[in-house]
Amino acid sequence: MLSLTMLLLERVGLIIILAYVLMNIPYFKNLMNRRRTWKARWQLCIIFSLFALMSNLTGIVIDHQHSLSGSVYFRLDDDVSLANTRVLTIGVAGLVGGPFVGLFVGVISGIFRVYMGGADAQVYLISSIFIGIIAGYFGLQAQRRKRYPSIAKSAMIGIVMEMIQMLSILTFSHDKAYAVDLISLIALPMIIVNSVGTAIFMSIIISTLKQEEQMKAVQTHDVLQLMNQTLPYFKEGLNRESAQQIAMIIKNLMKVSAVAITSKNEILSHVGAGSDHHIPTNEILTSLSKDVLKSGKLKEVHTKEEIGCSHPNCPLRAAIVIPLEMHGSIVGTLKMYFTNPNDLTFVERQLAEGLANIFSSQIELGEAETQSKLLKDAEIKSLQAQVSPHFFFNSINTISALVRINSEKARELLLELSYFFRANLQGSKQHTITLDKELSQVRAYLSLEQARYPGRFNININVEDKYRDVLVPPFLIQILVENAIKHAFTNRKQGNDIDVSVIKETATHVRIIVQDNGQGISKDKMHLLGETSVESESGTGSALENLNLRLKGLFGKSAALQFESTSSGTTFWCVLPYERQEEE
């Protein structure tokens, strides 16, 4: 009996080793998580059928004299029996996959056992079917609770399965005396070994999946913590101050040697090893970062040469570089460095891939929030500066004066005032409008201003029809025209010209120009215009600052507001993508 127990333990050990290997394969772990799908069930049927066949082939042959022999057997003599781990594999198949998998594996295992032959081989087909169904029932109960049977319960089920096996031998064997003799020899070893094996097999499955869940929970906690701490800085956009704070947070929360963040052209921050030469404000040093900016794909390297830093004493030996995107365009990179290449593992790569998507989304959310605030600010500025009570009452007084002199002109101005109010309210709720709508709003505004000051301004709008559906930010031209009216001409009563034009810049971009022949802008204010508020007698200059921020936020730095100014006039322009409104 002791010899049989030791031989069975060897077979169970082989099964357990294979189970451990399988549970460390990501595909198999994923299969266990999908075990209730039919595709997964069929795959489990195949896997556990192979286990069952191996259990049959590696069984221990027992003859009438209780002699034991262990090898690989395909066929057995008619007067011998076989002790094996078949019940273990069928039982685990049912506990994992439910009744269908348990029955399928039981039938396959039983048919193969009949094919092998031996004394009363048909008994084992019957017992295998019973074991598969009963184990599957317990497995189904656990599946409904979205769990696996506990280790203790698995051991108890293993004992029950072996007892069913022994009862089947006693019930269906032709030679009852031989059946009793066989059971007295194999019952205790097989019950002990196979029940323990079942418990160990299930413990490997449960512990591996639980470990993975715990790892995911830790990663999720870390990622959420990163998100919560970095989101306020991502809202500010990618600048040196925000990038420095983000890099410090990532360095503190993750096991990395250094963290760096770059824009498309320069290092914004570098925290940790190598900070003596990876200095913010410098141009990007590593060829690795340049490759990621060019390809837009995450890259992982494990040597100093692959990093591509030209500094001879750079301690960085491995890195993973994540592209940061906004609206599909690469705006920078996040780099995590390691001084020991072995610290860059599969887990770090998975985490980095997840962070790439999260950080890019945070940048977009931050930009969207910024744009929303800017648009809201533009609405407020527009209503304050252009639709103020002063402007409104002046327009009404002008219209009232015209009623007696030229009622038709008064009616037209009243319609223009109505359109102007409506256009301001609608434009404040949109990120972009067509150039045609923007020009209509400008004309409405100019009609009211020219009615108040007849002959003071000459407005020339030179825009080809093909450009009228180009998308522009609301208030773009209106703000520039109003700026010219308020600031360019001071007290000059006539000869004041404002030209609005749109020309082709490239095959994909257009240039929008607003030009006046006013007195120009003083040199002490030129470098501030569009970058910050500029105080003057008639305003703060914040409208131009707001407009410039919206242009850069929507279309990138290349769309920034530009200007030239001399004593004979000022020209404002911006270059925008030739994006047209889709036809409905």
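Cβ atoms here come from the backbone N, Cα and C positions, even for glycine.
For 311-362, the entry in Swiss-Prot reads domain 'GAF'. Under DSSP, the residues of the domain 'GAF' (311-362) split into helix, strand and coil as follows: 20 helix, 19 strand, 13 coil.
Feature annotation from Swiss-Prot assigns domain 'Histidine kinase' to 363-580.
The annotation phosphohistidine is assigned in Swiss-Prot to HIS390.
The transmembrane segment annotation in Swiss-Prot covers 6-28 (among others).
The feature transmembrane segment is assigned by Swiss-Prot to 40-62 (among others). When Cβ-Cβ distances below 8 Å are used as the criterion, the transmembrane segment (40-62) is approached by residues 4, 7-8, 11, 14-15, 18, 22, 28, 31, 34, 68-74, 76, 80-86, 88-90, 92-93, 96-98, 100-101, 104-105, 108-109, 112-113, 116, 182, 185-186 of the same chain, each at least six residues removed from its ends.
According to Swiss-Prot, the feature transmembrane segment maps to 88-110 (among others), an assignment based on sequence analysis.
The feature transmembrane segment is assigned by Swiss-Prot to 123-140 (among others), with sequence analysis given as support.
Same-chain residues lying 6+ beyond the ends of the transmembrane segment (155-172) with a Cβ under 8 Å from its Cβ atoms: 87-88, 90-91, 95, 120, 122-124, 126-127, 130-131, 134-135, 138, 149, 179-180, 182-183, 187, 190-191, 194-199. Marked as transmembrane segment by Swiss-Prot: 155-172 (among others).
Positions annotated as transmembrane segment by Swiss-Prot: 184-206 (among others). Within its own chain, the transmembrane segment (184-206) has Cβ neighbours under 8 Å at 1, 4-5, 8-9, 12, 15-16, 19-20, 23, 32, 62, 66, 81, 83, 85, 87-88, 91-92, 95-96, 148-152, 154-159, 161-163, 165-166, counting only residues six or more beyond its boundaries.
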